[in-house]
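Taken straight from TrEMBL:
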type     : residues  : note
TRANSMEM : A:21-40   : transmembrane segment
DOMAIN   : A:136-366 : domain 'ABC transmembrane type-2'
TRANSMEM : A:171-196 : transmembrane segment
TRANSMEM : A:217-244 : transmembrane segment
TRANSMEM : A:250-273 : transmembrane segment
TRANSMEM : A:285-305 : transmembrane segment
TRANSMEM : A:345-363 : transmembrane segment
Amino acid sequence: MKQFVSFVRKEFHHIARDKRTLFILLGMPIMQILIFGFALTNEVKNSKIAILDQSNDPSTQALRSELDASRYFDITQDLRSYQEIEGAFKKGKIKMAVIFPANFASDLDHFNTAQVQLVADASDPNVANTLTNYATAIILDYQDRITNNRRLPHTIKTEMRMLYNPQLKGAYSFVPGVMAMVLMLVCTLMTAITIVREKELGTMEIMLVSPMRPFKIVVAKAVPYLLLSMVNITSILLLSVFVLEVPINGSLVLLLFESILFTLTCLAFGLLISTKTDSQQTAMFIALTGMFLPTIMLSGFMFPIENMPLPLRILSNIVPAKWFYYIVKEVMIKGLGITAVWKETLILTGMLLFLLALSIRNFKIRLA
Amino acid sequence: MIELIKVIKENSINCINSINNINSVNFSTENHMPSVIVNNITKQYGKKKDLVQALKGVSFEVQQGELFGIIGPDGAGKTSLFRILTTLLLPDGGTASVDGLDVVKDFKAIRHRVGYMPGRFSLYQDLTIEENLEFFATIFNTTVKDNYDLIKEIYSQIEPFKNRRAGKLSGGMKQKLALSCALIHKPSVLFLDEPTTGVDAVSRKEFWEMLRSLKRQGITILVSTPYMDEAGMCDRVALMQNGEVLSVDSPEGVIDAFKQPLVAVKDNNMLQLLNDLQRYEGVKDAYPFGEYHHVVLNNGFSASAVQQYLQQHNYHQPEVKTIRADIEDCFIALMKSA
């Protein structure tokens, strides 16, 4: 036990004395949360649009101020002719153009129908879609108001309610994602590197010719990173609750338990990498391609898994982050208990045991 | 040639016997079993195409309390041998034991009782001297206090800098620290793989003196080195080349086995001199050696014959003197006859 404690203390010395790495390890989750929370957001806010108003009557002016007043749009340009539209898009200054034809109000008054054209920059299809949807909603809203006193026959009204995330905040989905990513990075990458570093420096050679059991070496290496991950989980949760205002709806204990389970799985994977590689570079490369990319691509955090082709959907099942991401969403955002996520928890536990067994079996007690 | 080898072999066997006798006198109170037994060990690396035979059937024994040197150039197989003996590598053939424990079967027990200092500095560079020492003490289930006597002589030299990080030490200090760490658990056998490589001449000399004093504490020490001048510091040496042991003997025994006359020759034009010497019928081998050329003569030839030959070839004042062979001469002779 004294051996073990001494080894763990030595690991802490390594981590604490490598100030730059420590700074990255502790600063990274904070940076990521802040970047995802404020800079990299897929919410559409204040998109620049242009208006070509060929009618310039009370109705178009009312619509124009409705658009401008919404938080989605910012009217930055008034166009005078059809030809100017393309130029404005090409300069990249606007995301969408709204075109009112001549006689908009009189058409609306006399024929009960009028047209408005929305031209969107679909080089980013998701944004184009969102923008046209928002604009349509605003226009329909206006129409509702002017027809309010007249009852139209046969109208179906859609009534929407956004459960769990009524404000449609992006933070609700990326907080679990960032948690998965950060834990992955700290645990898998750092454990793999730290063990391989001892091989590279030759200290593993001395450690092997000592009474210290290899298994103890490995566990002692993992302990500091487990603690470091706990710090990171705490800082992510604090930031998301107090800065991004994402509530923890479920049990905090369950959430922490699941996080530790996922952390251990990542540690075991890092261990497995370290048993198979001899240089820090290889270890880093394998950790990044083998774990980091799948975590981003196949966990459902960036891209919905449901839309993927079947082979990728099957492949995504072996990515631990997918299950963790799911669990965190269910527990933290939906506020569900263990009964809702026991299956995923079991899968993660299975992965942990499998990886751990494999890496202990592969741990070399000799040099070659 | 074959006769010569036989002579050398006989001689070395005699010598081993005599040394065994000496040891048994010195350590009569202790166990008589050799501390390290290496029996026909082979090791190869790589696959079919680029197969390297690192050890080709190496055998020798090291007695308890002996300071045993393994001397050979880079690539002789010294490190492979050390790694096999410290249980870091498995031999492909043969058997070996350390303290009576088999290096394959009993590797766990061996790891409790040997000290190992790899050729490369292998301590934690970001830990201080003191932290490194304390760490290795704990790993071996002991404390610095318990075994301070053993390392005192060495450690006291670097103790004033104990709060300095190991990565910032000079070569000689690193080496002292590494030796302290390898010794802190009072190993019964100490393996030092090229401890003096890359260390300045003064520190090297100091280091060997440290080993001599460790030997007095009854620790068996195996040390490998590429420097032949260090052979004289050992009780016995094994000369190794290309994975084979050429000779195992005491330094004196190795030298005594050198039966042919040896002369040192010096003149103004050393290059021409070497060429002329090599053409002389009485010369078995001639090679540059410091400021002289060493010339191994065939039996029946002597320094005066060389002097005569040179004067016939227009050398005015060649300096020719009969000398006693040193380890390096022996090693060169052994290498060429192998």
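Backbone N, Cα and C atoms are what each Cβ position is placed from, and that goes for glycine too.
What TrEMBL says about a protein is an automatic prediction, not a curated fact.
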>> Which residues of the chain, 6 or more past the ends of the transmembrane segment (A:21-40), have a CB below 8 A from one of its CBs?
In response: 15, 170-171, 174-175, 177-178, 181-182, 185-186, 190, 228, 231-232, 235-236, 239-240, 243-244
> Who are the chain neighbours of the transmembrane segment (A:171-196) in space, where the CB to CB distance is under 8 Å and they lie at least 6 residues beyond its ends?
Replying inline: 11, 14, 25, 28-29, 32-33, 36-37, 164-165, 204, 218, 221-222, 225-226, 228-229, 232-233, 236, 240, 244-246, 259, 262-263, 266-267, 269-271, 273-275, 277-280, 282-284, 286-288, 291-292, 295-296, 299, 301-302, 321, 324-325, 328-329, 332-333
>> Counting only residues 6 or more past its boundaries, what in the same chain has a CB within less than 8 Å of a CB in the transmembrane segment (A:345-363)?
In response: 214-215, 218, 258, 261-262, 264-265, 268-269, 271-272, 274-276, 320, 323-324, 327, 338
